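The structure is given below, and queries will be raised subsequently.
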Amino acid sequence: MSLNDNTNLSSHTPMMQQYLRLKAEHPEILLFYRMGDFYELFYDDAKRASQLLEISLTKRGSSAGEPIPMAGVPYHAVENYLAKLVHLGESVAICEQIGDPALSKGPVERKVVRIVTPGTISDEALLNERQDNLLAAIWQSTRGFGYATLDISSGRFRLAEPTDRETMAAELQRTNPAELLYPEDFAAMDLIENRRGLRRRALWEYELDTARQQLNLQFATRDLSGFGVEQAHHALRAAGCLLQYVKDTQRTSLPHIRSLTIERQQDGIIMDAATRRNLEITQNLAGGSDNTLASVLDKTVTPMGSRMLKRWLHMPLRNAQTIALRQQSIRTLQDLNDSLPPLLRQVGDLERILARLALRTARPRDLARMRHAFQQLPQLNNELADSDNAHLQTLRSQMGEFTELRELLEHAIVETPPVLVRDGGVIAPGYNQELDEWRALADGATDYLDRLEIREREKLGLDTLKVGFNGVHGYYIQVSRGQSHLVPIHYVRRQTLKNAERYIIPELKEYEDKVLTSKGKALSLEKALYEQLFDRLLPHLAALQDSAAALAELDVLTNLAERAWTLNYSCPTLSDKPGIKLTGGRHPVVEQVLKDPFIANPLSLSPQRRMLVVTGPNMGGKSTYMRQAALITLMAHIGSFVPAEQAIIGPIDRIFTRVGAADDLASGRSTFMVEMTETANILHNATEYSLVLMDEIGRGTSTYDGLSLAWACAESLANRIKAMTLFATHYFELTTLPEQIEGVANVHLDAVEHGDTIAFMHSVQEGAASKSYGLAVAALAGVPKDVIKRARQKLKELEALSGSAASTRADGSQLPLLVEETSPAVEALEALDPDSLSPRQALEWIYRLKSLV
């Protein structure tokens with residue numbers, strides 16, 4: 001039976017009636033219904049949870065004549081189960097008991113106190129500390145898209161208005177939201193259908209006027225012109241839907257969301273989804289984080305610094321002034337690299353602690369960590385005090401010291417607080433006199449009980465008399481069964497044991513009531529004092545958030561300074577003249593993975609040398625050479641130093657890569673279709689200021705189709721678009737392009753054959769490669785010798801069929817399509833005169849030719 005079958009509430013027990021009413025308010029998400037020490041789920045929720053969480057599915061009696069499916073999780077372990085559900089893209093409504101069971105005539109009063117969704121979590125246990133966790137909303141019209149993202153764990157609110165599908169796909173790839181809200185009539189479902197955490201929303205939630213009202217109310221403004229988003233109608237619709245969703249799920253004010261920013265394409269270097277994937281910036285092609293650019297560059301010591309660095313990597317800047325400030329700071333911080341990281345490490349994740357403070361969900365240990373962070377600020381300020389770097393002084397000023405707040409927390413919170421306020425013992429002794437008095441009363445019970453036991457034992461002469469406490473029956477006086485007949489009449493029996501009797505007397509009962517009252521009073525007062533701490537901290541929230549942002553940036557810059565020093569990076573020069581010139585360029589990731597020294601290579605692109613046709617053997621390093629150019633360019637535009645002896649980089653507006661491909665089975669697209677789609681995107685959107693990497697265009701179809709496509713694409717990039725292009729190919733016909741198109745040059749990666757083996761030199765040389773070494777690479781890979789031998793025979797046949805090992809060039813002249821390897825046996829036969837041989841000599845020649853073959 002499903003929940004929907006139970007429409008007649010009167011046929012259910014009172015408790016199930018309460019559950020069904022609450023569930024009706026949250027029909028699409030799981031409801032965790034608190035019952036004692038467990039959160040229970042019923043009906044379809046129970047079945048779903050048992051599968052997702054791999055917990056037992058049981059039954060709880062029956063209601064309306066049917067057995068009720070039930071599953072449950074213990075309340076003390078709920079965070080682990082919530083983390084698993086959130087990771088799977090599920091949302092959960094948490095229903096707590098808010099009434100007093102002792103005063104309730106029917107079921108204890110319950111209500112949903114919070115809703116946990118993948119995009120709105122702020123609990124430390126549910127978050128990946130080194131990765132942003134974003135909630136996003138999307139809107140679409142005939143004129144483009146609106147897109148809004150919010151990191152509720154920091155308050156960072158961003159808008160964008162992608163104009164086309166490719167740009168929207170790139171934004172989704174860049175931001176990778178944990179939860180995505182979309183309107184019920186959303187047309188471009190293929191863009192989002194494979195994403196996690198999808199939430200379908202009603203159209204009215206995207207109403208523009210309502211969005212403006214919501215945002216003005218949140219920011220306490222009359223209009224949104226101060227944020228520069230007044231005309232961003234599509235993005236505002238998405239932002240309004242997103243903000244209302246957060247308010248509905250969090251059920252509290254959101255003071256840490258203080259502003260919103262629109263991100264415009266012209267502010268940064270644009271990279272489409274394929275480029276971000278191919279460059280393996282934060283995620284490798286297998287979906288992991290090993291051997292990515294972030295894995296090499298991210299040695300930050302705070303989680304908030306790690307998250308900021310990843311945002312920088314995914315949004316390289318075009319603002320030369322900001323980049324220069326970062327470069328100067330990195331240069332200065334190389335001298336402070338020993339002293340700052342240990343201090344910054346102690347700061348921890350202040351950004352997310354402040355978000356929990358704003359949501360009033362911060363736990364005692366959050367406040368202890370905040371206190372510890374404040375304690376590092378004076379020393380951090382001292383370390384930067386003597387620097388003449390203007391940007392570092394700005395960060396120093398923004399960090400502040402918060403002496404008053406530090407002293408408040410030092411006075412208010414114990415050194416090592418418990419996990420939860422309800423456990424008690426959070427507020428430090430001496431902070432509040434009334435609390436100290438109640439605690440003294442509760443804590444004095446042991447002394448009182450010892451005195452009472454001695455007094456009663458001596459007065460009655462009962463050597464077996466003991467005074468104790470039991471969690472069920474409370475305080476008691478215990479006497480052995482053999483002496484129980486000697487107790488006075490005012491001893492009232494409370495419990496009978498096998499060998500003893502337990503009693504209560506009026507004096508002990510009075511003291512018990514007093515102690516229990518004092519414990520309750522102390523805990524109640526402690527909770528109130530804890531809430532008052534929030535009230536005293538929250539007025540400083542804006543300054544605290546600015547401080548956290550400054551500390552995160554200082555961590556990133558210090559980290560990049562350490563990376564530059566440790567990995568021998570140099571400071572790049574950003575020029576206003578078009579082109580890229582690298583001396584001794586290295587791939588930042590590959591050089592860390594290799595056991596052998598990395599072979600550094602130059603790169604020279606300019607308006608007079610716009611395209612390099614890159615040839616050479618498979619495994620020779622063509623893809624590495626191309627990718628390192630893109631990664632060095634990207635690193636330079638986040639302000640980082642780069643792996644090169646020298647780097648001079650001109651204006652760049654976009655980076656495109658067409659490097660490798662796999663079948664997109666989910667969309668029904670073959671490898672070749674994926675390749676052509678990515679190529680079309682480049683040809684439509686690249687400009688003369690773009691950096692384009694094209695690797696093996698046309699290999700997914702027949703030889704002549706592929707060659708024709710590769711030729712035409714190269715011509716378009718060099719003649720029409722004039723983009724800075726690295727064009728790797730196995731089509732040797734393309735090496736004639738420099739003879740026909742101005743601004744095109746050949747380079748190749750060298751290799752040397754030694755008999756049946758091949759040595760890759762990984763060194764970039766001017767000019768075209770002499771051959772592809774395909775069969776040599778196959779032999780190196782372990783292809784059986786008989787297969788290699790057969791391949792050589794077949795190669796000769798194909799070369800013969802194509803016209804004496806030559807194929808027609810695209811311009812009508814001749815060029816070998818497959819380079820022929822001359823056989824020693826053929827050379828010997830060509831030099832032989834059969835008419836001059838004796839029978840014995842002919843036999844000897846047969847054996848010699850056999851050995852040559």
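Cβ atoms here come from the backbone N, Cα and C positions, even for glycine.
When I checked Swiss-Prot for this same protein, it listed these features:
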{"type": "BINDING", "residues": "Gly616, Pro617, Asn618, Met619, Gly620, Gly621, Lys622, Ser623", "note": "ATP binding site"}
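Just tell me what is around each of these and how deep it sits.
Met619 (ATP binding site) has a Cβ environment of 18 other Cβ atoms inside 10 Å.
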Which site among Gly616, Pro617, Gly620, Gly621 has the most other CB atoms no more than 10 Å from its CB, taking these as binding-site residues?
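Result of the Cβ crowding comparison: Gly616.
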Give me the sequence-ordered set of same-chain residues, not including Gly616, Pro617, Asn618, Met619, Gly620, Gly621, Lys622, Ser623, with a C-beta within 8 angstroms of the centroid of the ATP site's C-beta atoms.
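These residues sit around the ATP site: Leu749, Ala751, Phe760.
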State which of the following binding-site residues has the fewest other Cβ atoms within 10 Å around its Cβ: Asn618, Ser623.
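Relative to the other binding-site residues in Asn618, Ser623, Asn618 has the fewest Cβ atoms within 10 Å.
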